[in-house]
Amino acid sequence: MMSRLLSLRDSREATARTARRSAWWQRALPRGQSLVTAIPYGWLLLFFLVPFLFVLQISFSDVEIASPPYRALLSRAEDVVSLVLNFGNYRYIFGDPLYFDAYLSSLYMAGVTTLICLVVGYPIAYTIARAPEAKRNTLLMLVMLPFWTSFLVRVYAWMGILDNEGLLNQALLSLGLIGEPLQLMHTQLSVQIVMVYAYLPFMILPLFSNLVKLDGRLLEASADLGCRPWQTFLRVTLPLSKNGVIAGSMLVFIPAVGEFVIPELVGTPESLMIGKVLWMEFFDNNNWPMAASVTIVMVALLIAPIVYLHKREEKALARAAQR
Amino acid sequence: MAESSLHQAAKTAGAKSYLQIVDVVKKFGDNTVVDHINLSIAKNDIFALLGSSGCGKSTLLRMLAGMETPTSGKIILDGEDITALAPYERPINMMFQSYALFPHMTVAQNIAFGLKQDRLSRSDIAERVERMLELVQMKKYAHRKPYQLSGGQQQRVALARSLAKRPKLLLLDEPLGALDKKLRQQTQLELVNMIEQVGVTCIMVTHDQEEAMTMAGRIGIMSEGQLLQVATPGEIYEHPNCRFTAEFIGETNLFGGHVVEDEPDHVCIHSTELPRPVRVGHGITGTMGMPVWLSLRPERVGVSRRQPVASGNWAAGTVGDIAYLGGFSIFHVRLDSGKVVKASVPATHWREEAAPTWNEPVFVSWTDNDAVVLTQ
Ligand SMILES: Nc1ncnc2c1ncn2[C@@H]1O[C@H](COP(=O)(O)OP(=O)(O)O)[C@@H](O)[C@H]1O
Ligand SMILES: [Mg+2]
């Protein structure tokens, strides 16, 4: 191993030397590989970082009756450029329990959605991944089938199912299981059901692409060493699919936190979620700076755990390499 | 030689067999992959299943491990019928062809994997892992992940993992197949030493005859799902029982012919490829006139310029190719019948005179005890 590390370093030094030897203009131009990696970075820069900076800027501004309805941060009066930052929005967000509650209920809702999606999606992804190759594509198509119809139409369909006169209540009534219709629509439950439904494919797909790579011989080795199937699952399959679980959970959790449409259409009017708050600040109150501040806090809430997880992973890798 | 082989056979039959494979058949659909195999193996034997790729060796091994279920037949280990047991219930461990080490675990965790399943105490596990690491000389690497190891090191970890539970039977599927040739030769005896050190009954599967001959005490030759011959490496080489085995193991000259004289202590075979009947100094179970094959190993064939005085067991020809291999040379002698006979002659044979060269007329000869009659 030692020698392998050494040889690795040698080869790296060798490439460094050739790089040093090449002409200045060759060095100035990005090489093929860095060009390729530059594309996704450029994409993120253009469509994430730039809009984010706009929003960040607006969040430190004040409302103004103008178009757009906020004051520019930089102003010029008599050759003096002045920068005025307004932290009032943030103070307001942290001061008013309404926002805190909205964040909390959104995080809670997204968390529960993620958990249910994981519990429901994992067996589905596992079954598809273990299915014979010929069947796999058909099953994957079925998972993605809902995307062929508009999201709104699908939510309306759920309204038709969960309504007091909806399919579910009628079925339960005609079976005699209930005496009068259950109040399903406009409850936390209905929001939860529709959110799980809407986000499930985003859990299944990354899990599938992870599980399909799982080497069947590892499962056989585990059985050979004395593990029953469920023990093999806990000791081999689950740890090895960690990255799929993380990817799927993020793909569900992050958009679910800001979800606006589902609570609006099937939720209760009194439970306020952060997506709804955003909407109200933006469109009802026409308060762009406040809406921007709400967004920035939400992004910060989402990014913090991701950065933490990433750092921990890096440290673990570094520790492994040191040994 | 024939006597000692009989003696050996009697001995192995007499030894109490530890593992018994009784009339095992495995079919995948209509495809019979393992075809009525019977085999018994004594305790602490190292047994090799040798056969070309696709002959069903791995399938037989996987049935022993419990990963495939026999279509019919029984497997008995240490007096217990294990045919219906699940892999995790069998006191058998396997070292996989590709090692199948758990990539998310360190070397030590891989070795401890099966022990945790046995509900051993933490200190017992640590001690056994330690001992296994010592056995395979991987102590320094206990905390590495598999991807940080070379092929040879991975192989040793896989061995340690499969030995850690002290199985009654150790299965090795192409144990050295993933290593390059040089490392493979080095590792063969090392592996045998480790297995003998712990004293475990072992069945290995390989398509490499050198590997089987070096490592195993007994070898079973497999072809198309059938077990053709089971014997020690020496017996298999000197007394193959069929044409497939004779050709599969080492080099040989084969002559088609039929029996013209059948006595208890010798037979004479007439072959159109040889000028006169060949006398072979062992009896066969056969009848007059039955078609047979003669197998004559190259190192049993002598080459000389003088015509042999014996009445039989020689033929005239001319030297075709000569492969010079240092300690010995292989002469390809073309007989008058057109048949080419390979003769491997040690260099020391040519002390008095120069070795024959291309196109020189020579005589090839052998004794009564050199040729083997194959009735199948
Ligand atoms: N699960 C299976 N399904 C169908 N055919 C199989 C299966 N496993 C093995 N076979 C077939 O059985 C034959 C023997 O395979 P195997 O035992 O792996 O051979 P070997 O190990 O001797 O190379 C091959 O022709 C292979 O295609
Ligand atoms: Mg095989």
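Backbone N, Cα and C define each Cβ position, glycine as well.
Caution: TrEMBL annotation is automatic and unverified by curators.
According to TrEMBL, the domain 'ABC transmembrane type-1' annotation covers A:103-309. Sequence annotations record features per position, and here TrEMBL assigns transmembrane segment to A:41-60, A:107-126, A:138-159, A:189-208, A:244-262, A:288-309.
With a cut-off of 8 Å between Cβ atoms, the residues of this chain six or more beyond the transmembrane segment (A:41-60) that come close are 70, 73, 85-87, 89-90, 288-289, 292-293, 295-296, 299. Long-range contacts of the transmembrane segment (A:189-208) within its own chain (CB-CB distance under 8 A, at least 6 residues past either end) are made by residues 109, 112-114, 116-118, 120-122, 124-126, 128-129, 140, 143-144, 146-147, 151, 154-155, 158, 162, 241, 244-245, 247-249, 251-252, 255-256, 259, 262-263, 266-268. Taking Cβ pairs closer than 8 Å, the transmembrane segment (A:244-262) reaches residues 106-107, 109-111, 113-114, 117-118, 121-122, 125, 151-152, 155, 191, 194-195, 198-199, 202-211, 238, 273-276, 278-279, 298, 301-302, 306, 309 in its own chain, all 6 or more past its ends.
Remote same-chain residues near the transmembrane segment (A:138-159) are listed as 124, 127-128, 131, 166, 185, 190, 193-194, 197-198, 201, 204-205, 208, 261-262, 265-266 (criterion: CB distance under 8 Å, separation of at least six residues from the stretch ends).
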